[in-house]
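What follows is a single structure, written as structure tokens, with notes after it.
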Amino acid sequence: MKFVVKAWSNGGARAGILHLGTSTIDTPSLLLSTRKGLPHFISPDLLSCLPAPESRLLHVSPLHFLEGLSMKTISKIGGLHQLLGLHDHCFVAVPRDSIQCLPEANSTNKIGASFETPCGRLLIKPVEYMEMISSTRPELWATLADEVPAWVSDKRNKTSVDRTIKWLDECISISPASGAVFGAIVGGSSLEERRRCAQEVATRNVSGYWVGGLGLGESMDERPALLNAVIEALPEEKPRLICGLGLPEEILQGIAAGVDIFESTYIYHLTLGGFALTFPLDRTEINASNLVPSDVGSDPRKINLRATVFRKDTTPIVEGCTCYTCRNHTRAYINHLLNVHEMLAQILLEIHNTHHFLGFFRLIRDAINAGRFEEFRREFVQRWR
């Protein structure tokens, strides 16, 4: 792995280039949420419909594979790339999955981290976690962490940092020969513990940093201080990854602090609910005729394609969009698929929403390179509030 910062804007926001595996990816970038290594609704043969190479970063939780094939079998097959046949994609392994493998702070102890998974509540020890990493062979992986929600006590925050640093050292000592390692940084809502954890992790031999424990109860108002406490303690030449920030405003908040890679479940939740992103990917205003009072649940950012108003709408989701869905299908067709409960509806929606959200990240990179990120952020938040 190699990472180079190419441009700065307004002090914190930065654009760079990440060389990972065979891919070269511009940052800030989106880490696509997956279930067992594949996007939730997009089949492998349709992945080529997504913009490349920015769609080739795939988030995977090793805990997904605790049901089904054994780690030994996955290792014999040759890891995730051979198992899934995705040789041009890069896997980023993070223990937490914001949809199905959530950290359970009350059950975590000094032995290992606890997670709520489809297999039930599991306690994962560092040695077991590293066996998963060695078997799945991702290009990039984050160390095991004791993530805690915002409302825990100061004593629990301190304990989470101590455990995470201890597990970091254990993971590094038994790490596989391949794959870049990102050190986990936790500390809940405590500025002091966040800062202490970041300072400790910065002294370790890691390729980058994973800021964990966010999106677990803290407010958007207190998050900038937490992010700044972490980022200020980290070297500038290494990339930063974050989980739990999914809304566009949250993405912009993280980028303003200096985060480079984002794992987000925003696309998944939109798609599952039958929503399609429609906000313009340029400086033009949205067409007000696309939104009518009967369009239940819609707003200037997205439309609810389950609504009856789209039953006879023969236009694409977004005029001029170049995604597979908009080039081949209409709002009326997707409305029909949603209302008869055909899975094809989610497939087409996830293709569009992923394509559109990747376009949002492209706009952000352009704003940073032009030195106008803060202006872009302010306009976006005010325009779509």
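Placed from the backbone N, Cα and C atoms, the Cβ positions cover glycine too.
What TrEMBL says about a protein is an automatic prediction, not a curated fact.
Listed in TrEMBL for this protein:
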type: BINDING; residues: Cys321, Cys323, Cys326, His352; note: Zn(2+) binding site
type: DOMAIN; residues: 12-384; note: domain 'tRNA-guanine(15) transglycosylase-like'
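Looking only at the binding-site residues Cys321, Cys326, the densest Cβ neighbourhood within 10 Å occurs at Cys326. When pLDDT values are averaged over the domain 'tRNA-guanine(15) transglycosylase-like' (12-384), the model yields 91.
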